[in-house]
Amino acid sequence: MLSYLHGFHAGNFADVHKHHLLVCLLRALNRKPKPWSYLETHAGKARYDLNDAQALKTAEFQQGIARLWPVERLSESLQVYRDQVQHFNPTETLQFYPGSPALAAALAPEGSNIQLMELHPNEALALKQEFRQQAQVSVHHRDGYEGVLACLPPKPNRGVVLIDPSYEVKEEYKQVVNFIKAAYKRWPNGCFAIWYPILPAKRWVGMLEALRRTGIPHQLSSEVLVRQPSEQGMYGSGMLIINPPWQLQEELEATLPDLIQLLAQDAGAEGQVVMRVPEKSTRA
């Protein structure tokens with residue numbers, strides 16, 4: 001949706017959940033001293049100024065990254081994630097929030113291949129300006145699903161695809177399923193990370209079931225609900241990981257209690273990490 005601008009939501013609780021998990025994925029890739037590929041369907045901007053009008057209008061970051069910023073002791077993976085955010089803030093004041101493209105570029109070894117898709121013209125321009133001096137980053141002003149599919153399988157032949165649409169139209173859930181079917185055929189050893197909002201309409205439930213029924217094995221989900229389910233607004237954040245790296249489930253389970261405590265907005269906050277489809281599966 002060209003009407004969607006992530007600047008209004010940058011650094012919110014969903015970003016914390018999503019980007020912490022992304023950092024975990026990229027750190028897992030970095031266990032081997034080899035370059036990797038990172039592709040993104042809806043890249044947005046590389047960094048967001050939390051003092052600008054968009055961020056201040058909603059101030060959603062106050063319920064997200066601002067909760068983690070002053071905490072002295074965090075679990076290891078949350079600390080690594082916050083360290084990445086601190087890298088973009090040279091003083092002790094939280095002003096800038098890195099988007100997923102910036103996090104990927106910061107963690108990428110030399111020789112990696114980063115392909116970023118963004119359809120919104122102004123966001124794509126800002127993205128190109130941010131990475132104009134980084135040869136391993138390519139920015140494409142085009143449809144994210146078509147663009148990523150055109151790049152698969154990538155070289156290097158290991159890495160992550162982040163699928164992070166706005167879901168402002170309900171057809172997006174079906175688009176994600178269709179994209180995964182096509183992308184997995186082209187790159188069956190790739191890791192696919194799908195973010196989804198937890199909203200009253202519960203459309204994510206049907207999407208996860210449709211993905212389960214594809215027969216694609218090894219599907220792990222992580223969900224954080226920051227408050228009691230309500231009739232309005234997003235009250236949780238979910239991530240589905242296809243082909244998760246070794247020990248990711250254990251790492252997410254260990255961090256989940258801290259994440260819930262930090263992001264909770266009421267006593268109904270909770271979360272879960274679930275292996276929805278095991279590593280070996282048969283088509284439903």
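From the backbone N, Cα and C atoms, a Cβ is placed for every residue, glycine too.
A TrEMBL annotation is a machine prediction, not a hand-curated record.
Database features (TrEMBL):
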ACT_SITE  D164  active site, proton acceptor
BINDING   H19, H42, S100, E118, D143, G144, D164  S-adenosyl-L-methionine binding site
SITE      Y4  site 'Interaction with substrate rRNA'
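Shown on the structure are the features that TrEMBL records.
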residue: H19; record: S-adenosyl-L-methionine binding site; Cβ contacts under 8 Å, 6 or more apart: Y81, P98, S100, L103
residue: H42; record: S-adenosyl-L-methionine binding site; Cβ contacts under 8 Å, 6 or more apart: M117, E118, L119, G144, I163, D164, P165, S166
residue: D143; record: S-adenosyl-L-methionine binding site; Cβ contacts under 8 Å, 6 or more apart: M117, L119
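Cβ neighbour count for S100 (S-adenosyl-L-methionine binding site): 26 (other Cβ atoms within 10 Å of its Cβ, all protein chains included).
G144 (S-adenosyl-L-methionine binding site) counts 23 other C-beta atoms within 10 Å of its own C-beta, drawing on all protein chains shown.
DSSP classifies D143 (S-adenosyl-L-methionine binding site) as coil under the three-state reduction. Within the set H19, H42, S100, E118, D143, G144, D164 that the record links to S-adenosyl-L-methionine, no two Cα atoms are more than 22 Å apart, and one pair reaches that distance.
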